[in-house]
Amino acid sequence: LTGVLDDCLCDIESIDDFNTFKIFPKIQKLQERDYFRYYKVNLKRPCPFWADDGHCSIKDCHVEPCPESKIPVGIKAGSSNKYSKAANNSKELEDCEQANKLGAVNSTLSNQSKEAFIDWARYDDSQDHFCELDDERSPDAQYVDLLLNPERYTGYKGPSAWRVWNSIYEENCFKPRSVYRPLNPLAPSRGGSCLLGSVCYFSWTGLCLEKRVFYKLISGLHASINLHLCANYLLEETWGKPRWGPNVKEFTRRFDPAETKGEGPRRLKNLYFLYLIELRALSKVAPYFERAVVDLYTGNGHEDAESKALLLDIFRDTKSFHMHFDEKSMFAGDKKGAKSLKEEFRLHFKNISRIMDCVGCDKCRLWGKLQTQGLGTALKILFSEKEIQSLPENSPSKGFQLTRQEIVALVNAFGR
């Protein structure tokens, strides 16, 4: 990809250089910090729109002995020494293989981590939150270690996965009048009109800037997820250790112009657009974190200080980028219309986050929910510029607050 992106004055080469040499190495380090590596999520919520129609079922743990970090917490609680070196007999390896699936989320946590989460919750409770996650306090919500649960291909595909994305695009997105969509795996091929299963073509006719932006963000999120699945793909599943790596054929199928009716490059450009939006949000939210009253609290004072210093360093880099997306061009019409359109944005994002509970693979659901919340947090920031600018220096503000969940989601979504 080369050249200028639509709806902004930024070229792809500048983004590549800026990200490669300034942002990416620091974001990687930040994501490894305790504050940002643990994310609380409810993976047991039923799909509110249709009956569960698929689940990823490829086994991940084969004959290899299970390292402690891979043992599901329910098994580990039964006997802490069950998977010691001396206890690794074939029966226990079979139990481990039965319990682990490729789509299953590793929810193993150390006792120190559990104690830290109690402190985090106590610290968050003392803040005046702007909003609260629907399921954060649910008995089914659990902390997961994002470093132990990387986003990658899980074998989850076909009608179930297609249905999730189709519902997002067709029912909950400001979609262009027509846009090429992958064929419905359940429907026979049809031609001549934009029906499910047919080939549709792209047109911006009738879409204002705000709705174009919304569509590009969802398309960019979709492209990001697909890229990670292609880059970390299960290339070989043998009786030994599974082999993961880039799958060029899969990448070509999803993004090559010839394979996608010319739509692939546009999808990749939308990923760059998503990057710009979240980069802009980070630069705009910097004053919130620059205040002494805001800590990245884990209970480890030294690490907390280092984490905040690294985050502030990233903020300085984001401000140095000279080709930001200008969100002031959005919602610039009459106040009543702008307020209504913002509410549409909010409701669309709320519904898209609910659709993520219909994903049949836990790892896919985890990363889908996290990245959706991260993008929603970015939009919340861009819509709250005045509230952020008027924050008091030495006390929490009722005008604008971010929960730890939103902060973790924002950083990790941008990291993706």
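Glycine is no exception: its Cβ is also placed from the backbone N, Cα and C atoms.
Feature annotations, reproduced from TrEMBL:
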type	residues	note
ACT_SITE	C361	active site, nucleophile
ACT_SITE	C364	active site
BINDING	R152, T154, W165, S219, H222, R254	FAD binding site
DISULFID	C56-C61	disulfide bond
DISULFID	C361-C364	disulfide bond
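Within 10 Å of C364 (active site), as judged by C-alpha distances, the binding-site residues found are R152, T154; the full candidate list was R152, T154, W165, S219, H222, R254. The two recorded residues, R254 (FAD binding site) and the residue listed as 'active site, nucleophile', show a Cα separation of 20 Å.
Here the Cα atom of T154 (FAD binding site) is found 8 Å from that of C361 (active site, nucleophile). When Cα-Cα distances from C361 (active site, nucleophile) are compared across the binding-site residues R152, W165, S219, H222, the shortest belongs to R152. Within the same chain, residues at least 6 positions away in sequence whose Cβ sits under 8 Å from that of S219 (FAD binding site) are R266, R267, N270. Around the Cβ of C361 (active site, nucleophile), the number of neighbouring Cβ atoms within 10 Å comes to 26. Residues R152, T154, W165, S219, H222, R254 are the ones the record ties to FAD, and the longest Cα gap between any two of them is 21 Å. Sequence-distant neighbours of W165 (FAD binding site) (same chain, six or more apart, CB under 8 Å from its CB) are H222, listed in sequence order. Counted over every protein chain shown, other Cβ atoms within 10 Å are most numerous around R254 among the binding-site residues R152, H222, R254.
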